[in-house]
2 protein chains.
Amino acid sequence: MIELDQTHDPKLTSWVASANGHADFPIQNLPLGIFSPGGATPRAGVAIGDAILDLRAVLDGGLLSGSAERAAQAARGNDLNNLLALGAGPRRALRQAVSNLLAEASSLRSRVEPLLYKASDCLLDLPARIGDYTDFYVGIHHATTVGKLFRPDNPLLPNYKYVPIGYHGRASSVRPSGIPLIRPLGQAKRPEAETPTFGPSTRLDYELELGVWVGPGNELGVPIGISAAADHLAGLCLLNDWSARDIQAWEYQPLGPFLAKNFATTISPWIVTAEALAPFRIAQPPRPAGDPTPLPYLTDAADQAEGAFDIELEVLLTTAEMRARGLTAHPLARSNALHMYWTAAQMITHHTSNGCNLRPGDLLGTGTISGPGQDGCGSLLEASQGGKNPIRLETGEERHFLEDGDEVLLRGRCRREGFAPIGFGECRAVIRPAL
Amino acid sequence: MIELDQTHDPKLTSWVASANGHADFPIQNLPLGIFSPGGATPRAGVAIGDAILDLRAVLDGGLLSGSAERAAQAARGNDLNNLLALGAGPRRALRQAVSNLLAEASSLRSRVEPLLYKASDCLLDLPARIGDYTDFYVGIHHATTVGKLFRPDNPLLPNYKYVPIGYHGRASSVRPSGIPLIRPLGQAKRPEAETPTFGPSTRLDYELELGVWVGPGNELGVPIGISAAADHLAGLCLLNDWSARDIQAWEYQPLGPFLAKNFATTISPWIVTAEALAPFRIAQPPRPAGDPTPLPYLTDAADQAEGAFDIELEVLLTTAEMRARGLTAHPLARSNALHMYWTAAQMITHHTSNGCNLRPGDLLGTGTISGPGQDGCGSLLEASQGGKNPIRLETGEERHFLEDGDEVLLRGRCRREGFAPIGFGECRAVIRPAL
């Protein structure tokens, strides 16, 4: 299933100087997105170092042919949905062609160089129209730590190790990195109060997640079997599932989170493709002794052998005071995508097992991917133990939950001996006061 | 807020003979939809009696002007989203213009008549691209009856009378009336079993709901206040929120229903507009003594005075055996939209109170609208008391839950002294065996 080719060669360099050794976007990554240069119209692009390659201009310049040209044609509008619908073949051909154009040895540099924009001069948009957004709950350390706050002796519910638990989120409020977050208003009931009150959330939180971009998808009524599921994973992004814990606690019974989550979801705007991630796929970590074997519809040898991703994840916090004093961001958490109890393929297969249809450009969140221990907490709910023990910052400030002016930044990086490291770019947003 | 005009005149008749006295679509209704005549491309239409008026052809024929023309222009594509975005003014102008064209007294009959299609020759599509679908839980008899199955002494959770409880559903699997339903597969755990199994759902159910079509909607971060909320209700439809109770019971903790619901949602394909429904808006029934007053953000005098809808609702069942024997449908339940504990305006305002954005063409389900008593059960879960006491049919058949070959039909009718009755058309689907 995993195909490595010369686009993954760690010795490959680009004539785009900033790409060589770039923490996120060396020539081995080539993520796909939608960007607007200056005030111009949105279009498809490929990130390369500190620059963005205008894919439409590459197409119009006659620099592509065959499947790569077909892929770029599909991306000719202002979203990538039609490209995602094509699946891995054309996407891989496009990757190969763009890699050739940007490689140090390219004979076409003079024709390609005018089609680059400085990334700092561009606005990044969502890469696709998200038809539906689903959020899972596959981070087992998160599920366990949060469960302990409510059920100290029995943190995980009986279904957790059988069912990749998920729920539907809100597609309309997903925003790319950089769009500020407005603190939501909502109903909450304080423990000591008789009745709820309405006002700004006082327990605003982040959640460290990955987003899975859906490729071709399926027709209604036709499930995607586990052995085919990886073909429907087009790529990944970082995802911050902002959460208002006070609203959540009051509203979530019996139908789950609603207004506590749907006021905003921030994602990194680049689709890091399944092809770019191929070197970083590894075996699913073994289930702890005594855990049940997944049911047959969720079991596949290839998925067990290479269905997990080794992606280092990080959360950084900058407060208004830290910015004023010129301090660097405070690391809130470090984790890794290996702490997912279910693979992305298992999420896709479970989601469609009842016939539910996924469409190209749908987004699946993993749920909070916490690591073990205090420095792995993928949310402040976990880090502050339900708001009881605040985080202390270098400025002397404390945080039970997020304050106005705080900026949360998620980072993701893949490293493996023998391969060039790649990253996801930024997933950041600053919190503005409630209206 | 409620404006009645000559389009509501009960004495108004149409030169389309089948419209006069039509149970659903007299000239006082004029619902909007998307239809395909024969094998032709989908387009906007207006139901009138047993016919459909081709709105695009009316526009192209130069039969509209002013705001009505602008509204029809917005509906020129294959969905009504842009028309819904315009809000009530242009929609009302279009209604007035179409009413004039179809009225007995119209001088333009000879130009309009060629633009009609027999409804039985047409396919009905979804009227809009549904960006997000949210399902509420405002039927208090349903919430109480279902709650009793789990908590006999305390059926309603403490938040119910403060929060219009809702959750996100799946937009991709909403289908218009007539599309068969494939019985879903899924995980379930029988009470006596140690572990779950995967297979066809054995507790397949319907849910009797109304759907609210969202009009203009709001920008992210800008709530819709309760006094403005009615302006965002473009119209209503019938909605069957198919549910697999066995899957639901096993999966729904802690994040709510997911695969138990997202395999299909069937709606009646016509948008019965807010204008057509104006005569049937009445005061919210008073809350039972002792119930809390809604919080101020959900309270509005006009909404209390005329925010509820008097819509009679009905569920009918036909089994394969009943069809084979030529028997008429069995009435499973009768209810009324008055059994909503929260109004549509309260649903809209609550949904956006945290800044969440609604977009034109979004769909909000009300949740199951059961009436009081056994013949008001809006789901078989209620009617069979959790599958314990089966329904008996004229054929001698029994139903704990739905069987393959069963067809469920929802109906909705508005009646008021001094006005022409109007209806919603059909919301039906037959159940096919699991794959």
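Cβ coordinates are placed from backbone N, Cα and C, and glycine is handled just like the others.
TrEMBL annotations: computationally assigned, not manually curated.
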Additional site residue, B:Tyr133, B:Tyr137, B:Tyr341 [criterion: listed by TrEMBL with B:Arg151, B:Gln248, B:Tyr252, B:Thr368 for substrate]:
B:Tyr137
Joining B:Asp135, B:Glu207, B:Glu209 at the Ca(2+) site recorded in TrEMBL, out of B:Asp231, B:Asp241, B:Asp246, is B:Asp241
Work through the binding-site residues one by one (B:Arg151, B:Glu207, B:Asp241, B:Thr368) and name whichever has its CA nearest to the CA of B:Thr265 (Mg(2+) binding site).
B:Asp241
Can you figure out which of B:Asp135, B:Arg151, B:Glu207, B:Asp241 (the binding-site residues) comes closest in space to B:His142 (active site, proton acceptor), comparing Cα atoms?
B:Glu207
Residue among recorded positions B:His142, B:Arg151 with least C-beta crowding, 10 angstrom cut-off:
B:Arg151
Using C-alpha positions only, work out which of the binding-site residues B:Tyr137, B:Gln248, B:Tyr252, B:Lys261 is nearest to B:Glu209 (Ca(2+) binding site).
B:Tyr137
When the domain 'Fumarylacetoacetase N-terminal' (B:28-127) is classified with DSSP, how many of its residues are helical, how many are strand and how many are coil?
46 helix, 24 strand, 30 coil
Chain A proximity: which binding-site residues among B:Tyr137, B:Arg151, B:Asp241, B:Lys261, B:Thr265, B:Thr368 have CB distances under 8 Å? Answer 'none' if there are none.
B:Tyr137
Among all protein chains shown, how many Cβ atoms are found within 10 Å of the Cβ of B:Asp135 (Ca(2+) binding site), not counting that one?
27
Whole-Å Cα distance, B:Thr368 (substrate binding site) to B:Asp241 (Ca(2+) binding site), is 8
Averaging pLDDT over all residues of the domain 'Fumarylacetoacetase N-terminal' (B:28-127) gives 98
